[in-house]
Amino acid sequence: MCGIFACHSHPDVAKFKPTALKLAKAVRHRGPDWSGSVISNNTILCHERLSIVGVESGAQPLTNADESIVLAVNGEIYNHRLIRKHLKNPYHFKTTSDCEVIIPLYMEYGLDAPKYLDGMFSFVLYDKKLDRTIAARDPIGITTFYQGSSSSEPGSAYFASELKCLHPVCDKIEAFPPGHVYDSSTGERTRYFDPTWWDEKKIPQTPLDLKVLRESLEKSVRKRLMAEVPYGVLLSGGLDSSLVASIAQRETLRLKALAEAANGNEVQQEDLDKGEGLVGIDDDNNISTMTFLPQLNSFSIGLPGSPDNIAAQEVAKFLGTKHHVMTFTIDDGLNALSDVIYHLETYDVTTIRASTPMYLLSRKIKAMGIKMVLSGEGSDEIFGGYLYFHGAPNKEEFHEECVKRVKNLHLADCLRANKSTSAWGLEARVPFLDKEFLEVAMNIDPKEKMITKERIEKYILRKAFDTSDDPSAQPYLPDKILWRQKEQFSDGVGYGWIDALKDNAELHVTDEMMKNPKPEWGTDIPDTKEAYWYRCMFDEHFPPSCASTVMRWTPKWSKQTDPSGRAIAIHNDKYENAA
């Protein structure tokens, strides 16, 4: 991940520059490798870089030949090689960065440029000749991105990767909506992402094809191995991360075999402007990458004896990854809470519970020299994997809830995965949220996703990777992992973690405090002492204007007040006939 801060049309940009650099520095944790800034007319773009692709030449902001277009990007463009190859007009690239393709795309397609990108991204592009700024965010909101304004500077528009850059200079801040593009010429944001599954009332009827489902996820994982730095996988031992790890390990071993067959002979780079010789996916969906470690590294975290660590070790042994187990103590987690909330920029209970172990693990991973990891976010939203989906009354409501969950991922699990890892300059990639994979998975008749006495949650995903009926096939996972019931991450790291959070909230928040919430909270009143405690810590870091960007994660079809998966009555029921 990288960090962006930009301001379009500042009334005194030269005087504002020291402030802009200071605000950009607030997200240097996202991009510790290099800092850059460009002023053009009255607009300034600042960038804090984490180098993963185009390591030697991809410093930002990027510019075109005559420097009339300036670009700052946070993210990865997985189809950059294909874009280079298929541009309508010749374009000479200054770098090998995957993100530079946004400039010629803008030159050819204007506001439609984001439609052609396959990846996760937030970007701000300034066109000097037109005095025009456009900004865009990836379709699902995997990368965090905010837009702000100041009543004292009505003609200015601010953009940043995190809230902490904006609240010192903006009195209005909102999460930039995923799948949208902003145009300073009109001051409007329009939605460019229009998939077939977007309308939750339109119930899909496509028959289930397990082979297509499996192959599309495999392709998605393959894309995300695009790197010039060491990478790894987050492995909780649950279904989603284990499948991603399994596919990544297969591809890593295949690439290793190819490298050994080449016997160290480098392929001559032919035409970088056409994407030849660069890392990434080619026309045949084959990945070219650079791995600097002899084994795929996998990582898990939990309290001593946690369900996730035990399951993760079993998966790692089965796959043959080099596994690293991290145990943390209750005190480790509690001591990190304020920092976690500062980096997350939320007070949502579920997000904070799950983010704290991920935040601690990310620090350890970065210390090992790993700069990118694959993660399993998004699967539960796509397939209705949360335990509360047992309560869905029919396929229509089941599907509607799945679509709504995917649309809100940028305020929940995507925010958690992005900010927990970026806090330490680590990048998380999420294969389940690939555009092509979503087209396949979200268009399956939802009756196939429904949970029944015979079908455990995410049954079709499990079945797609079940090779038990083919003795000649290499299994993806052990059966006990493939058919393991869902544990929400904050539960899986050890049940004592949530209990400790509740107990400590009791020490910090009195009954009297609960009866007298702060007036500035308005109608957004915490309903538990734990939620109250987190809101108070949030307020120590951020003004009330930032609260409007927060969404609380709550389950549907359930009367529980605790969002933990363990609190769902169905938890630990046995599915003897699930397979």
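Backbone N, Cα and C atoms are what each Cβ position is placed from, and that goes for glycine too.
Feature annotations, reproduced from TrEMBL:
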ACT_SITE  CYS2  active site, for GATase activity
BINDING   ASP98  L-glutamine binding site
BINDING   LEU234, ILE301, SER375, GLY376  ATP binding site
DOMAIN    2-187  domain 'Glutamine amidotransferase type-2'
SITE      GLU377  site 'Important for beta-aspartyl-AMP intermediate formation'
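Shown here: features listed in TrEMBL, placed on the structure.
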{"residue": "CYS2", "record": "active site, for GATase activity", "Cβ contacts under 8 Å, 6 or more apart": "ARG30, GLY31, HIS47, GLU48, ARG49, LEU50, GLN60, VAL73, ASN74, GLY75, SER161"}
{"residue": "ASP98", "record": "L-glutamine binding site", "Cβ contacts under 8 Å, 6 or more apart": "VAL53, GLY54, GLU76, ILE77, TYR78, HIS80, GLY119, MET226, LEU278, GLY280"}
{"residue": "LEU234", "record": "ATP binding site", "Cβ contacts under 8 Å, 6 or more apart": "SER241, SER298, PHE299, SER300, MET358, LEU361, VAL373, LEU374, SER375, GLY376, ALA428"}
{"residue": "ILE301", "record": "ATP binding site", "Cβ contacts under 8 Å, 6 or more apart": "ASP308, ASN309, VAL325, MET326, THR327, PHE328, PRO357, MET358, LEU360, LEU361, VAL493"}
{"residue": "GLU377", "record": "site 'Important for beta-aspartyl-AMP intermediate formation'", "Cβ contacts under 8 Å, 6 or more apart": "ASP240, LEU409, ASP413, CYS414, ARG416, ALA417, ALA428, VAL430, PHE432, LEU433"}
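Its Cβ taken as reference, SER375 (ATP binding site) is surrounded by 26 other Cβ atoms within 10 Å in the chains shown. Residue density at GLY376 (ATP binding site): 24 other Cβ atoms are found within 10 A of its Cβ, drawing on all protein chains shown.
Computed over the domain 'Glutamine amidotransferase type-2' (2-187), the whole-number mean pLDDT of the model equals 96.
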